[in-house]
Amino acid sequence: VPRSPTFRGPAPVGSLQQGGCQLPKMGDTWSQLPWPGPPHPAVLLVSLLLAAGAMRSEAGASCPVLCTCHNQVVDCSSQRLFSVPPDLPMDTRNLSLAHNRITAVPPGYLTCYMELRVLDLRNNSLVELPPGLFLHAKRLAHLDLSYNNLSHVPADMFQEAHGLVHIDLSHNPWLRRVHPQAFQGLVQLRDLDLSYGGLAFLSLEALEGLPGLVTLQIGGNPWVCGCTMEPLLKWLRNRIQRCTADSQLAECRGPPEVEGAPLFSLTEESFKACHLTLTLDDYLFIAFVGFVVSIASVVTNFLLGITANCCHRWSKASEEEEI
């Protein structure tokens with residue numbers, strides 16, 4: 001005799017997220033009812049309650065403790081959190097975790113939140129983000145990572161987050177390196193804030209692949225305005241349309257001859273020395289001058305030696321005559 005399928009209730013919300021975001025469907029609950037035979041009223045009532053629970057689970061988990069949830073906005077800011085809340089409503093569009101003490105975000109944390117548009121992580125203690133964090137956040141448009149302790153921006157930090165329009169990495173005092181391919185593929189990015197970090201250099205390659213970039217904030221960094229900075233500055237003058245609010249804040253910290261000078265005040269004339277090249281005649285002349293100086297040095301030392309020896313003998317002869 002074939003056995004009737006075992007009736008199972010809906011899985012806990014926490015396990016739904018760990019199982020690849022596979023939520024129970026309303027039809028699944030009916031298919032799992034014992035059959036054949038007319039449904040008992042009590043069984044029918046239980047089934048209806050389970051179906052309602054499944055529908056609610058599809059909308060997402062309940063609001064996390066210490067957070068407020070309203071109209072797909074989850075606000076967990078200023079709650080002294082040391083870690084991110086484990087379960088969020090699945091339809092979350094705006095998530096604020098600002099002004100906490102979060103030190104790390106677990107890998108795959110955003111996997112289930114396909115509707116996420118805004119993520120605010122400012123004013124925390126983040127040192128780095130796990131690789132692939134934004135792989136499934138294809139609708140993410142606004143990302144705020146300001147006021148953290150990020151030290152570098154790796155090549156895969158924003159991987160697959162092609163919908164990003166605004167990225168704020170400002171006020172990360174330990175941020176000293178941005179990988180040349182850090183923003184690769186972000187063709188919709190309009191606003192990028194890298195101000196008040198520890199950047200001394202920024203590769204032109206990191207910005208060339210951003211055709212939609214309109215605003216770039218880079219002031220407050222210890223820029224070293226050497227020859228390596230010329231391509232970036234030339235690109236900035238020709239590409240960025242609205243940099244006036246930031247131009248006075250971007251200054252050179254080195255080399256000494258341009259220390260304190262506004263970054264955008266440097267012209268092609270400022271980098272004239274970077275384009276000086278030596279020809280074969282120049283190298284031959286330098287070699288000849290070096291050879292002549294070496295011979296002259298040897299002759300001079302020889303003459304000084306002879307002169308010193310003669311003076312010594314003359315002094316000794318004078319002393320003997322006096323005796």
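Glycine is treated like the rest: Cβ placed from N, Cα and C.
These figures come from a predicted structure and were not determined experimentally.
According to TrEMBL, the feature domain 'LRRNT' maps to 62-94. Residues or ranges marked as domain 'LRRCT' by TrEMBL: 221-275. Annotated transmembrane segment per TrEMBL: 283-306, in sequence order.
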Within the domain 'LRRNT' (62-94), residues counted as helix, strand or coil by DSSP: 0 helix, 7 strand, 26 coil
Same-chain residues at least 6 beyond the ends of the transmembrane segment (283-306) whose Cβ lies under 8 Å from its Cβ atoms: none
